[in-house]
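Reading through the structure tokens given below for one structure.
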Amino acid sequence: MNLLTVSTDLISIFLFTTLFLFFARKVAKKVGLVDKPNFRKRHQGLIPLVGGISVYAGICFTFGIVDYYIPHASLYLACAGVLVFIGALDDRFDISVKIRATIQAAVGIVMMVFGNLYLSSLGYIFGSWEMVLGPFGYFLTLFAVWAAINAFNMVDGIDGLLGGLSCVSFAAIGMILWFDGQTSLAIWCFAMIAAILPYIMLNLGILGRRYKVFMGDAGSTLIGFTVIWILLETTQGKTHPISPVTALWIIAIPLMDMVAIMYRRLRKGMSPFSPDRQHIHHLIMRAGFTSRQAFVLITLAAALLASIGVLAEYSHFVPEWVMLVLFLLAFLLYGYCIKRAWKVARFIKRVKRRLRRNRGGSPNLTK
């Protein structure tokens with residue numbers, strides 16, 4: 001396998017997914033698989049919810065054209081296919097949370113039983129001894145599957161954000177695996193990025209606002225499930241290339257946002273799944289940034305946190321328990337900002353006004 005072959009495959013995946021996306025959006029409008037504007041959604045017109053379906057089609061295409069071994073490929077496609085199908089039904093008919101959670105749990109059980117993919121160890125996060133989970137690992141795995149799916153679902157609030165954050169996660173995992181010699185899994189991660197990029201282009205309106213699409217619950221479910229699947233493949237076992245604590249850094253922003261928001265809702269006596277406008281992108285936009293600027297800032301923050309995890313993985317001199325402590329400190333800082341969102345927004349607005357005044361007051365230099 002050489003870089004030319006890999007590049008050709010990735011370009012083929014990108015082109016296939018792009019063509020499929022244009023086809024799928026036409027079908028979606030005919031069958032009513034569209035997002036309608038309401039008091040919480042500010043877009044105009046009916047937007048096809050086909051981003052996730054196109055990404056899944058791109059991965060099916062990937063597994064069909066590549067000639068290298070991807071572990072549990074058929075099992076993954078079957079499990080992911082069920083989740084995408086249920087997600088599409090939810091996008092169309094609004095299925096209850098209990099039904100979706102039950103199906104996600106069932107898929108998680110199939111993954112553990114037939115793929116032997118489960119959390120058996122959390123690594124050395126408490127010092128010099130390994131935290132082996134035993135039978136409790138099966139229950140924690142189900143929670144991890146649910147958490148990953150919901151974490152990526154909850155960040156899908158502004159254009160481009162879900163795509164950007166998922167690309168950061170897959171890029172971080174792919175880089176670690178590539179340099180560790182786990183080529184097939186690395187290519188899978190890069191193929192996910194190639195399949196997501198066409199969605200980002202249409203979602204951001206780069207090819208024109210008339211072609212806009214949304215990811216839908218089918219897409220966020222697929223992305224979250226794929227992330228946790230690959231992490232289980234790579235963080236468990238005797239010769240795992242990624243430490244379990246590194247996984248926290250790789251999905252830091254979606255994970256922090258989900259935990260902070262759910263905690264805030266529960267404290268208010270609300271359902272953890274009830275919608276509100278307290279997510280990180282809402283905070284940044286209240287500070288005066290546009291939706292596009294918020295997307296860029298959050299994606300860069302996610303890339304920074306993921307880079308910390310990747311560098312620590314390669315350095316080998318930072319203990320896993322130290323990385324856990326640092327992650328918890330980062331999470332506490334995030335929670336502080338969310339809890340005092342109005343203060344943070346006011347501070348950012350004040351800084352922006354000062355910067356504008358400084359730019360406006362600087363003398364013009366002429367030759």
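Glycine residues also receive a Cβ, built from the backbone N, Cα and C atoms like all the rest.
If you check Swiss-Prot, you get these features:
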TRANSMEM  3-23  transmembrane segment
TRANSMEM  46-66  transmembrane segment
TRANSMEM  69-89  transmembrane segment
TRANSMEM  132-152  transmembrane segment
TRANSMEM  158-178  transmembrane segment
TRANSMEM  187-207  transmembrane segment
TRANSMEM  213-233  transmembrane segment
TRANSMEM  242-262  transmembrane segment
TRANSMEM  294-314  transmembrane segment
TRANSMEM  318-338  transmembrane segment
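By the Cβ criterion (under 8 Å, sequence separation of 6 or more), the transmembrane segment (187-207) is not in contact with the transmembrane segment (318-338), since fewer than 3 such pairs are found. Only residues 6 or more beyond the boundaries of the transmembrane segment (294-314), in the same chain, are considered here, and those with a CB under 8 A from a CB of the stretch are 158-161, 164-165, 168-169, 171-172, 175-176, 179, 204, 242-243, 246-250, 252-254, 280-281, 284-285, 323, 326, 330. Long-range contacts of the transmembrane segment (46-66) within its own chain (CB-CB distance under 8 A, at least 6 residues past either end) are made by residues 9, 12-13, 16-17, 20-21, 24-25, 27-29, 33-36, 73, 77, 80-81, 84, 87-88, 91-92, 163, 187-188, 191-192, 194-196, 198-199, 202-203, 212-223, 226.
For the transmembrane segment (158-178), same-chain residues at least 6 beyond its ends with a Cβ under 8 Å from one of its own Cβ atoms are 51, 152, 185-190, 192-193, 196-197, 199-200, 203-205, 215, 219-220, 223, 227, 230-231, 234, 241-242, 246, 249-251, 253-254, 281, 285, 291-292, 294-295, 298-299, 302-303, 306-307, 309-310, 313-314.
Within its own chain, the transmembrane segment (213-233) is flanked in space by residues 21, 25, 33, 35, 47-56, 59, 71-72, 76, 79-80, 83-88, 90-91, 100, 104, 107, 111, 117-119, 141, 144-145, 148-153, 156, 162-163, 166, 169-170, 173, 185, 188-189, 192, 196, 199, 202-203, 242, 247, 250-251, which lie at least six positions past its ends and keep a Cβ under 8 Å from the stretch.
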